[in-house]
Amino acid sequence: MMQFIFSPILGSLSDKIGRRPVLLISLAGSTISYLLLAFSSQLRWLFIGRIIAGMTSANMAVASAYIVDISSTENRAKYFGRFNAMFGLGFIIGPVLGGLLGQYGLKLPFLIAALLTALNFLIALFALTEPRPQNTTIPNRARLNPFKIFKCVFTQRSLLPLLLIFFIFSACGEAYGVCWALWGHDTFHWNSFWVGLSLGAFGLCQVLVQSFVPQHAVHYWGERNTILIGLGCIFVALNIMAFAQQSWIIFVIMPIFALGSIGTPSLQALASAKVSADLQGQFQGLIASTVSLASVIAPLFFSSIYFHFHTQWSGAIWLIVAIIYLFVFPLILFQLRAKPL
């Protein structure tokens, strides 16, 4: 909830005082939160640590705005793809590293996380330059008011469809983390090794795709068509998964499934072009807020759906996810033609 509230506030603040200062605040807050998790002996300090992490969790939003600042419309999808690839690589390495370090004590993973985040802070402090002209004016309080910021979603007609698209993408993405291991066990009798192997293989395919494919796809097809092609790949892969009875099929379709990820950086690039430069931080913050809301709602929804259907047909969850993705097609076809705000 803290991330939901504070991401657009800090994103808006970065529009006024610069990306670099807000990134430094975010990284400092993350470092403190990990240290609290490492050394806290009471439950309340764990909650305080998570609250601080949520309040300062603007790193993704501000980093996205930074990419918009330093890129042109022609190469923006490429940079968003590489950014997402590095983020995905962290999701592959992080759990493995955490599991290995956890064998030497529960505090050690959090201490290493704090150390790495502090190192990130130092890199940002000494190597990161401010991409926008310095603004010395005092930030308007209205731009830091969460109610005012969220109100703009309803007053700016072209924002709501964009955020709805991001919500559906993020919500459906949560289904994989919630249901993959359960589905693999129920359908193919996978143990933890095969679950981990399949997730690692998919993650690696996705990292490779997002690192090298989006720029070429956008060059040949354009951003909107690239999003639609990516959605088509996901839709086909999900339908195959829903009816698959042998596990080798899942590994065969992984490249198709991963190819669907070309749509995400293209969507980020296309959406950023619909918003003026002085609102990029606020808009990226609203996207981060939308993603955090999806991460709260979607696991509850998809886990309930899975447990309702899994005894009769465990693959039904993927068919339902595919149907939900269908709602994105008309939004992309008819709503992504709006003029920039």
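Using N, Cα and C of the backbone, Cβ positions are placed for all residues, glycine too.
Annotated domain 'Major facilitator superfamily (MFS) profile' per TrEMBL: 1-339, in sequence order. The feature transmembrane segment is assigned by TrEMBL to 21-39, 45-68, 80-102, 108-128, 159-183, 195-213, 225-242, 248-271, 283-309, 315-336.
The stretch from 21-39, 108-128, 159-183, 315-336 that makes the most Cβ contacts under 8 Å with the transmembrane segment (225-242) is 315-336. Counting Cβ pairs under 8 Å to the transmembrane segment (195-213), the top-ranked stretch among 45-68, 80-102, 108-128, 159-183 is 80-102.
Across 21-39, 45-68, 80-102, 108-128, 315-336, the stretch most heavily in contact with the transmembrane segment (248-271), judged by Cβ pairs under 8 Å, is 80-102.
Same-chain neighbours of the transmembrane segment (159-183): 152-153, 190, 195, 198-199, 263-264, 267, 271, 274, 283, 286-287, 290-291, 293-295, 297-299, 301-303, 306, 310, 314-315, 317-318, 321, 324-325, 327-328, 331-332, 335-336, 338, 341, counting only residues six or more beyond its ends whose CB sits under 8 Å from a CB of the stretch. For the transmembrane segment (108-128), the most Cβ-contacting stretch among 21-39, 45-68, 315-336 is 21-39 (pairs under 8 Å).
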